[in-house]
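Colleague: Pulled from Swiss-Prot, these are the listed features:
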TOPO_DOM  1-31  topological domain 'Cytoplasmic'
TRANSMEM  32-52  transmembrane segment
TOPO_DOM  53-424  topological domain 'Periplasmic'
TRANSMEM  425-445  transmembrane segment
TOPO_DOM  446-720  topological domain 'Cytoplasmic'
MOD_RES   Y569  phosphotyrosine
MOD_RES   Y708  phosphotyrosine
MOD_RES   Y710  phosphotyrosine
MOD_RES   Y711  phosphotyrosine
MOD_RES   Y713  phosphotyrosine
MOD_RES   Y715  phosphotyrosine
Amino acid sequence: MTEKVKQHAAPVTGSDEIDIGRLVGTVIEARWWVIGITAVFALCAVVYTFFATPIYSADALVQIEQSSGNSLVQDIGSALANKPPASDAEIQLIRSRLVLGKTVDDLDLDIAVSKNTFPIFGAGWDRLMGRQNETVKVTTFNRPKEMEDQVFTLNVLDNKNYTLSSDGGFSARGQAGQILKKEGVTLMVEAIHARPGSEFTVTKYSTLGMINQLQNSLTVTENGKDAGVLSLTYTGEDREQIRDILNSIARNYQEQNIERKSAEASKSLAFLAQQLPEVRSRLDVAENKLNAFRQDKDSVDLPLEAKAVLDSMVNIDAQLNELTFKEAEISKLYTKVHPAYRTLLEKRQALEDEKAKLNGRVTAMPKTQQEIVRLTRDVESGQQVYMQLLNKEQELKITEASTVGDVRIVDPAITQPGVLKPKKGLIILGAIILGLMLSIVGVLLRSLFNRGIESPQVLEEHGISVYASIPLSEWQKARDSVKTIKGIKRYKQSQLLAVGNPTDLAIEAIRSLRTSLHFAMMQAQNNVLMMTGVSPSIGKTFVCANLAAVISQTNKRVLLIDCDMRKGYTHELLGTNNVNGLSEILIGQGDITTAAKPTSIAKFDLIPRGQVPPNPSELLMSERFAELVNWASKNYDLVLIDTPPILAVTDAAIVGRHVGTTLMVARYAVNTLKEVETSLSRFEQNGIPVKGVILNSIFRRASAYQDYGYYEYEYKSDAK
């Protein structure tokens, strides 16, 4: 004989380290769940990146140049130096309704034509199939107010003809290139680039709504501080449309800037056009008065001194008129307390003082000379004013015609070649990380809130006897997996583990249980053993059937009664039929003495559950069941009764009154200590003592760091 013993001693570490190790081990055990969930997230991300609508980006560059100083105020000095452009204000102008509204009107953006596709995946599928360029160009679409809530659908018949219908009953047929008018609806389709049968939804948006959409998709930033260069970026689904939209925005911004710059000249020209006739009229009146006075006084000539005074007064009036123009310009930029404005006012005051002195000299002249000086001054001053206005008019006309504004489009809009979003690599990576995190958190939370029994010591520390610890059979697990893949229920086996692989560690543990039962049942009132469970699907029937098999191998007659009349499957496990089973016996349709069915294992008989009755618990409370147990106890060395889980139904509490020994099966890492204690409490309330617990399906866990260690034993015959 060859004996192999393996001991895996758990390290003795601090509590914090044990907790970390347990968490890591829990994740390692559930690695396939983690991998599976992460793979699902990654797959969803891949599908999303394939079917999500790509968003493109177009950009343009504009420069805001510094305004040149006005010719009328350049000579004021350094106080009138040029200012850097106010970029923040210009950014707001670009995003204003004035600029964007004109773009909406120019490009007919308030009319949207969208192809009808399958929800979510349709547009992406069309792109994959190369059909994303199917479009219908609509330039005019109006409908009466009562139809504003209706949805209009355009159906393509061919590359020239189409039909237009609405969910309100409207229907019409039209041709591309011709205006369709019917019942107040006006539609102009310029071109059709789509397959026959394609459907499009035609929508009319409000101008304000489209402006808001443009503002959401438009980004304007300044390149550098006070650099006067603005970067415009626009995002959207259509590569060509976003380029056209951004070009239109830049062009409209430039045009409004030019209009704003030339508006002042236009207003000044209009004012001069109104003032020139009046000034000319006053000049004519002054000339007529002077000529009449000269004729009346026989052409009076002025002495040299009077002429000098007259020339000085005319010159001062000309300077005062020039200052009036300058003051009009400066007042737009500065207040009267500004040094430049104060300089102008001081110069005006000096001229006024000089003019007052000259007026005093004129007053000292003879009356005839005073009058001729006054009339001559009025004529010459009027002529200078008139000529100044004519010169100003010509300047303004030149200014208006040559205005270029402060905005220059440096780079026209161009759509970038790549896709702005979705960023496929980043999305897939993010989905993998998210799936990994969520799966790990889920595994840890499940482990935290569902702490199954992880060692026999947990039960023993609470005063619960553990009669056997049965390891998980890899041989049985492999056979169950094959059966599952083939679509057969896991419990439908043709061979017990005790027969198919009698040297399995699980069977050795059941043999150890057989030895323990031999001594445990010595003081029992009868030879009837009830096997119950804490909850469903814990391997109770597996333990019960294999225990009966190994006991029968000791030359003892064993009867297994399947008392789970709801879901019992022992007859399938042992390869027998379900005819004339327990339910038929209890309702009097079967004979107790002939109910036992032999199995393929010698001295091992079975009473199957029979047909599923409507009242299993009531049948177990009948006298007929007591008679069956008494008969079986007398005719067999051991009677094993397989009952349903105590936490699920009350059948085990009923059967327990007729047995001498009760054992309860709990599954390792599945059932909790609370469930075991609750089950024992149920039996205690019904006066049924439970001898102990069988811990089933023990496996080596990565998270099970225990100070008692983990042992594996193999004890096989030497090969001959």
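Any Cβ shown, glycine's included, is placed from N, Cα and C.
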Colleague: Across the whole of the topological domain 'Cytoplasmic' (1-31), what does the mean pLDDT come to? Round it, please.
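Modeller: Over the topological domain 'Cytoplasmic' (1-31), the predicted model scores a mean pLDDT of 57.
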Colleague: Looking only at DSSP and grouping its letters into three states, which state does Y569 (phosphotyrosine) belong to?
Modeller: coil
Colleague: Take the Cβ of Y569 (phosphotyrosine) and count every other Cβ within 10 Å, whichever protein chain it belongs to.
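Modeller: Taking every protein chain into account, the count is 18.
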